[in-house]
Amino acid sequence: MTVQYNQLVLTGGPGVFFRLLLKWRGCVFKLIYFDILVFGTLYAIISCIYRFALSSEMQRSFERLILFTNNFQAMIPVAFILGFYINLIFNRFWYQFGIIPWVLKFAIALVTNVSGFDDRTRLIRRTCVRYVLGSLILTTARISVAAKKRFPTMESFVSGGVFTDEEIKMIMAQQPHVQSFVPIVWATSLITLAEKERRLTNQHALVLLIDELNNFRQGLLKLFFMDYVCVPLVYTQVVTLSVYSYFIASLLGRQYIMESSPFSKEQNLRDLYFPFFTMLEFIIYMGWLKVAETLVNPMGEDDEDFDINEVIDFNWKTAWCIVDGMKPSPPAVVRDIHWHQSVVELPHTEESRRLLSRPCRGSVYDLNVQSTADYFGSGVSLHGGRRSQDVRGRRLDSILGQLNRFISSRGDEPDADQMDMEETELHAKVTSPGRPSFSESSAPQDNTPTTESKSPSVPARRLPSRMLAETITEEDEEDLDEYIRQVSDETNGSQIRVTVESPTLPASPDIRIQVVTPEGRLLSKETVKPFGHVDKGPSRELI
């Protein structure tokens with residue numbers, strides 16, 4: 001008996017859901033119209049007594065009562081209590097519908113494994129299905145008012161063709177709490193008999209059919225449990241008491257104080273006579289409570305309760321049609337019209353073609369992104385791993401290039417042999433065993449000075465174009481100091497001292513590089529970003 005309105009809201013649009021307010025069956029106003037009339041009448045009576053029947057002194061006393069009630073009315077957490085309660089009730093409501101057993105699965109398994117159209121096989125199938133359906137009707141007639149009205153007595157089962165007189169007598173001879181499951185036991189006996197008569201298609205069919213019967217019985221048992229164990233009564237009482245006490249207090253606390261009263265300024269409201277927003281609050285909260293009261297037992301006769309009779313009819317008609325009303329064998333197997341097509345597309349009408357959307361290929365299928373080789377930091381591990389050699393070399397050359405351009409602009413350029421000698425010598429001396437160099441060539445460096453090299457005392461105003469670059473994490477504090485000393489010793493030989501200050505805080509991850517003469521004159525001061533820095537902690541670069 002659940003109200004159907006999906007056909008009215010097929011597509012959203014202006015005013016679509018407002019049309020639902022015009023439906024009376026299942027409407028919130030159908031549930032609370034009497035409460036609205038009572039609340040509005042009582043509010044009007046109290047307001048008239050306050051305005052016309054009380055003296056001035058009594059009006060002042062009543063106004064004090066209005067202010068007092070209004071201050072303490074908000075202490076009742078109506079929305080909080082109702083929210084939890086309606087969530088519990090609705091989850092229980094939907095779960096109870098989900099455990100209703102349906103006979104379709106058992107009927108299909110039965111016609112598949114007990115095949116044949118002789119009278120004996122048909123009799124076994126039809127009797128098994130009749131017993132299963134009878135068990136469903138017996139159970140629902142004990143927990144649903146609608147089913148009870150349809151099958152009020154055991155004689156109604158006989159007249160409806162659900163059971164025979166003999167079967168009813170055998171059921172009535174059992175204890176009341178097992179009567180609903182007696183037909184299930186009979187169905188298992190019939191399936192066992194069919195197995196002995198070799199009417200089952202294979203040896204696993206017996207286990208399959210017994211399992212389906214047991215699952216059906218378990219669904220009926222859960223329905224009994226949901227009917228037997230209710231929502232705790234104290235919870236329902238607390239919610240009902242909270243809502244009604246809140247609106248009883250509203251009859252006094254939401255009264256408008258006359259503007260001629262000295263207490264009108266304390267209320268800070270205009271005298272509107274009719275409580276518009278109080279009435280709106282009443283509709284929402286009281287409607288919320290009525291929803292819970294309607295769904296607390298879905299086996300009743302409310303507009304939103306389950307239509308158990310429709311469930312019974314659906315199972316009854318479908319089961320008979322499956323086990324004896326159709327041929328289980330399919331028609332002749334022929335080639336379909338798409339036989340010569342590897343990719344098959346279904347046709348569209350003009351209306352459906354306008355509703356086509358993008359195909360299911362992934363949301364970023366058509367997104368053009370940058371290649372990983374050009375991605376900054378593509379070789380960096382999230383755990384502080386080393387970068388790939390090409391990325392490190394490019395970053396190192398960019399930093400040294402800035403220093404070379406700055407220093408070369410301050411003096412004469414040394415010849416090419418001098419620079420090659422210094423670069424080779426410095427690279428070989430600074431690179432220690434166990435710490436690989438990130439130069440582009442993997443060939444060993446020649447550390448022997450050539451005859452064309454000049455004295456290291458000649459001032460050099462240009463740094464080598466390639467030096468050791470090593471990412472040092474927080475655990476390598478001692479190695480960092482050793483590397484700085486090595487670089488300082490080598491650069492002093494060329495009359496230039498390079499000071500590298502490594503970052504110590506993640507918030508300030510810059511590397512400060514100073515190039516000074518032995519006399520202390522500052523030649524260059526650069527601040528660069530460490531290409532080994534990651535967000536998880538400070539990283540240090542030695543150049």
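For all residues, glycine too, the Cβ spot is worked out from N, Cα and C.
Residues 59, 62, 247, 251-252, 254-256, 258, 273, 275, 278-279, 282-283, 286-287, 290-291, 294 of the same chain lie 6 or more positions beyond the ends of the transmembrane segment (31-53) yet place their CB under 8 Å from a CB of it. What TrEMBL lists as transmembrane segment is 31-53 (among others).
Using a Cβ-Cβ cut-off under 8 Å and counting only residues 6 or more beyond its ends in the same chain, the transmembrane segment (65-87) has close neighbours at 235-236, 238-239, 242-243, 245-246, 249-250, 252-255, 257, 263, 266-267, 285, 288-289, 291-292. Residues annotated as transmembrane segment in TrEMBL: 65-87 (among others).
Taken from TrEMBL, the feature transmembrane segment applies to 93-116 (among others).
Look at TrEMBL and you will find 128-147 (among others) tagged as transmembrane segment.
Annotated transmembrane segment per TrEMBL: 233-252 (among others), in sequence order.
According to TrEMBL, the feature transmembrane segment maps to 272-289 (among others).
Taken from TrEMBL, the feature region 'Disordered' applies to 425-465.
What TrEMBL lists as compositional bias 'Polar residues' is 438-456.
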Residues sitting near the transmembrane segment (128-147): Cβ under 8 Å, six or more positions beyond its termini, same chain? 1, 101, 103, 106-107, 110, 114, 157, 162-163, 167, 171, 179-184, 186-187, 190-191, 213, 216-217, 220, 223-224, 227, 299-301, 305-309, 311-312, 315-316, 319-320, 323
